[in-house]
């Protein structure tokens, strides 16, 4: 505990030491504040809670808020009274906790409220599966690689392995790939025997056909780009016209599966070469449509073919451990070069390339070549996992790697095949080698100080990882990420290029956990625990194992470094024990790993131990187990302090707060709990995950928590409110691993989907972006109002689309509908829209069309849309089928309603015409004659009624008189209406 005191009075220092000895994890902040307030000293107090847990600066005399303590200064040698400055208010982070806990930590968290809280994170997928083994092809400029991954084809960026695009192959396992010379077309074939041609610009299948009776094993495209050759498991070689999709050549003759096929690189020479597992190479003449030669010098499967620069020498390699060179003038074998390993691929070194200059330092070491001979230099790769360069003249190996960069698995001999393919990259970009465990190795020649050159592994891209088990950030600037997968080694990735910088191999079983730290001597250390019951300590600089710890009787599933002294680490195992391992015996320059010593051991739980966490001051360690409990132990002797009980399922993760005496635990009961380590009480419970919570960690110096679980979700929590403020769904399966950067506060997640996602704090950038958009929205809004005022509706509609204001857009279209030549103006406004705006307009019209009050504008706009856009462009609009389905039923309803209204108007016309309120459509003369006729008929009818009334019996006279009076009234009305019409 460091305290800055005035040097004039030593008694002040003695008074400040009161209450400083409070156990292994003390709360000296409260005692110091009490003593400082009691003394009333001016100046600066620096509180450093035991072992540098945290530091705070208080300026001025500290006034303790408790009424039981005096606040006046001591009477002896009083100092001048300074201005009164109260202590900073307690942090609001722990306001929801019980009163004793809140009071106990009020001073230790006083500066936490000023820290900016994270509100949002931006996710970037940096590692994912892109290659599952099988065929691959590199573009002519080396910018991208097309490779198979299960039943899909991934187009990846060769610089960082990011997936640029994916082609779905309809659940067909890909067996062969080829590219056209201009890289515009991609050819694929699979177990379904379907040959497909893909347009890489649109990722659409242009055409497809079937031709083989079995899977297609190899493909090659002619230099002219018009022919495609396919080799199948049905022992056939077929040549196809790419544009027409029909077969031009059908070759039979091989007695086994055709494994490799190439065209002659000269487009004027129509020769085709095929190799088979019948140990033969056949030469096919496309003009003569027959086999012109059968080359028989191999004794096993021919795996690869290559052509020399001059086009007169063919190289063939196979699993018989030899390379044969064939003279194409007479189809004789010029030379056989023994390689003493199974060769999987061969590459020709072209003159004038980087590899040709690389060989200059090695050529002088061999004997001089015979005059007039032309040497051929080629590269071979195979089961040993090393690159070798050969000279055809003397059949000598000019260069061989000293050691293999391939990490061999211990499962079976089949997985020890080393390299399975190799190809020289264009534009002097080096050599690409593919391993049996789906990794891409990029080699670059580098000249050393002794005027010799070496092949340096410049980049390693891992194509397939299966599950991510655990990972941690590495290095001073946290620019590396150590990842443990379900393999026996650790992969360390450079976060800049996501290239696997190096691999730490030594365990014999799967690695289950790891941790990293920087030792007191500045060495970057990695410790791993494995299913082989051992722990291993690695030096990241030398990339070697420097210590091995044995003694556990079960798989080591949890491990944690010391946080302060960094002179020990703790391991937990499925044998239910915890061990403390000492690092005191480590020294620099150790050639062989030492045996690590155990300082303490304890039987901690009744089931497997899943997680361990060491306190920031190295005084405590907390263990989490499948027995549903978490136990806190005092270091270094592992004495039990408290047991945390309350979870209903096993606990997967535990971590100490960086500033307070609390721990958090993540459990299989879908909850996260915060515990007080003083009395073992549960302070808070965080609920929100829908499945087991597998990892949880503190952020923002204990003010926030990030968690991940078996539901594939990543959640961000506020400690003060126990509220989840953000949820991210970027994983497709369980998220097993969570690593939080100590300096950058970015974090990484990985899980069963083999994806590693990096999460960057985007709170500030999002706030700036929102402010910028708001400012742009205000300016655009004013511009919109100006356009409406100027009656520039075309510009106004475009701005309304940019601002996503459908209501304003409806008002503009409604105004246009009320103007003269509305159709022409609407058409002019729609001509300036793009495809995305048309799609958005269809969505708006669909919504307007659902309301009777708005449907007339919607139908007017819809009419113009169908007039402007041709059917081919309408079909290309994304989601147009759903939009039309939403338009049809409401449109039918509106038209039915209009039909009913029209029919109703006919009845109204008929009624008004019959009542002579309106006149039918006729000329004036016809109207006048009809009116006179109706007047005469009315007079005659009136006279007939009077006569009949006189002849009727008296008993009906009253009734007829009544009827007669009504008829007189009606006739009078008709007469009056006729008179009005005549006057008109």
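Each residue, glycine too, has its Cβ placed from N, Cα and C.
Any TrEMBL annotation is an automated prediction that lacks curation.
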Looking at 64-96, 97-129, which one is region 'Disordered' according to TrEMBL?
64-96
Range annotated as region 'Disordered' - as stated in TrEMBL, picked from 871-927, 928-984:
928-984
Ranking 167-208, 209-243, 549-584, 644-685, 686-727 by the number of C-beta pairs under 8 Å to the repeat 'WD' (602-635), which range is first?
549-584
For the repeat 'WD' (602-635), the averaged pLDDT of the predicted model is 95
Taking helix as H, G and I and strand as E and B in DSSP, count the residues of the repeat 'WD' (295-336) in helix, strand and coil.
0 helix, 24 strand, 18 coil
To the repeat 'WD' (209-243), which of 251-294, 295-336, 504-548 is linked by the most Cβ pairs under 8 Å?
251-294
